[in-house]
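The active site, for GATase activity annotation in TrEMBL covers Cys2. The ATP binding site feature in TrEMBL is assigned to Leu231, Ile267, Ser341, Gly342. Annotated domain 'Glutamine amidotransferase type-2' per TrEMBL: 2-185, in sequence order. What TrEMBL records for Glu343 is site 'Important for beta-aspartyl-AMP intermediate formation'.
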Amino acid sequence: MCGILAVFGCIDNSQAKRSRIIELSRRLRHRGPDWSGLHCHEDCYIAHQRLAIVDPTSGDQPLYNKDKTVVVSVNGEIYNHKQLREKLSSHQFRTGSDCEVIPHLYEEYGEDFVDMLDGMFSFVLLDTRDKSFIAARDAIGITPLYMGWGLDGSIWFASEMKALSDDCERFISFPPGHIYSSKQGQLRRWYNPSWYSEHIPSTPYDPIVLREAFEDSVVKRLMTDVPFGVLLSGGLDSSLVAAVACRHLADSEAARQWGSQLHTFCIGLKGSPDLKAAREVADYLGTRHHEFHFSVQEGIDALEEVIYHIETYDVTTVRASTPMFLMSRKIKSLGVKMVLSGEGSDEIFGGYLYFHKAPNKKEFHEETCRKIKALHLYDCLRANKSTSAWGVEARVPFLDKEFINMAMSIDPEWKMIRSDLGRIEKWVLRNAFDDDQKPYLPKHILYRQKEQFSDGVGYSWIDGLKDHANKQVTDAMLMNGSFVYPENTPTTKEGYYYRTVFEKFFPKNAARSTVPGGPSVACSTAKAVEWDVAWSKNLDPSGRAALGVHAAAYKEDVDTKYANTMNRSPKS
């Protein structure tokens, strides 16, 4: 991942302003420690902090077209850049960077080229000929982007909120699948797949088509000129990523540079479910496995730094980001700069345990659509910012644009959890890779129950966080929470504690408005809480809150009472 910062229409274009832009861009250097770049054109500034993954020697940014009239700063990877270069045979390229196709595509096709890109990306492009500019974000929001407005009429874009929050009066999370055009003066959605309307699809389930689509997605993400590996929790999703990568690594260009043995990484409290399962999968696949441990206290000690980097106070995200943040530091110390990860599968296939209670295929499908649309606020944010904090790039094969379109076209009746037919959560995915002739994974791993990352690293992790928050936040503080935090009022002491840390770093109203709210059980949307009356009494995002579903669910008589205490609202 890289860090981008762009400012257009500054009244002040003095040396002092240039120095200020450089200072703000430095706040993103953790994302791109390999090189810094800055292009100034009158009252426009485009800065870049580079993490070199493809063409490390010559792909520094900003990047340009042939005569340097078009300038672009990009955060991301364009997996189909070689095919796009063939379409641009008359253009002259300076580097081997995958992102260099963007200024040339703009030159050739104007502003309507974004849907041609296959990858994860956020970019800002300036056409110096008329001082027009565009900004765009990938379909799902795998890479972060924020947009802000200064009191002087300037418009800002940055990879992280911390680079613009001090200098902008208002700022927002740039919506995924959108482009901003200065010529039109507004945002418009460029990503318009059929599933976005939430109409119920009817395509029959074909396990071979599903399997081949996912394998293609993993293979294209092996594009790298630096050492890489796979984040392996031992759950279904990360295990499938590792299994497919192992099968195809030997034939990739990456293997010729870095060898054909895949590196895998896992973190957890000693004795955690993930560590045991990941070790078993790694042994089965023959990977070079790296197992990291952390203590509850080490995680608690890192919380403030984690919240600063991930820029959210969402409880689920903080819980899961902390071990991922600690693991990324260890990974970077080994010289690895890119990892594959399993985010997105649960949203596409209804893998969270609360989907067991979906009343029908219509509500099941609509919930998956809502979950995918919100990924940029949760799992994508976590995966990107937790790893980028240490200069590591996370790639997510399940969120491949073509794979999502195919998987979301399947009749959701096939995705429904049907115990009478032996179908557990994500059965369509498990079944697609259930190959007796050439097994991808051991059967018990292939059919392991869903375990959320914050649970799988060790159940005492969440319990420890709650205990720590109980010591930091008094009953009176929580009771008066609606007066202190009238927007997105915390309903638990844990949520209140995270909010106080967030507000210390990001005190503006605009900052807190970038974080979603609402009731949730086991990572559900607020709408899905309605599926079970009992859930409204046990609103916790842990998978163990799926009472009657998770094998290690909270005990209703103890934990529901605790949840009710923590979720009470102050009396008016």
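Heads up, the Cβ atoms here are built off N, Cα and C, so glycines get one too.
Note that TrEMBL annotation is computational and uncurated.
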How far is it from Ile267 (ATP binding site) to Cys2 (active site, for GATase activity), counting Cα to Cα, in Å? 25
Whole-number Å distance between the CA of Ser341 (ATP binding site) and the CA of the residue listed as 'active site, for GATase activity'? 18
Name the residues of the same chain, 6+ apart in sequence, whose Cβ is under 8 Å from the Cβ of Gly342 (ATP binding site)? Leu231, Ser233, Gly235, Leu236, Asp237, Ser238, Leu240, Val241, Val396, Pro397, Phe398
List the same-chain residues at least 6 positions away in sequence whose Cβ sits under 8 Å from the Cβ of Glu343 (site 'Important for beta-aspartyl-AMP intermediate formation'), in sequence order, or say none. Asp237, Leu375, Asp379, Cys380, Arg382, Ala383, Ala394, Val396, Phe398, Leu399
Cβ distance under 8 Å to the residue listed as 'active site, for GATase activity', same chain, sequence separation 6 or more: which residues? Arg31, Gly32, His48, Gln49, Arg50, Leu51, Gln61, Val74, Asn75, Gly76, Ser159
Pairwise C-alpha maximum, in angstrom, for the residues (Leu231, Ile267, Ser341, Gly342) that bind ATP according to the record: 15
Here the 10 Å Cβ neighbour count for Ser341 (ATP binding site) comes out at 26
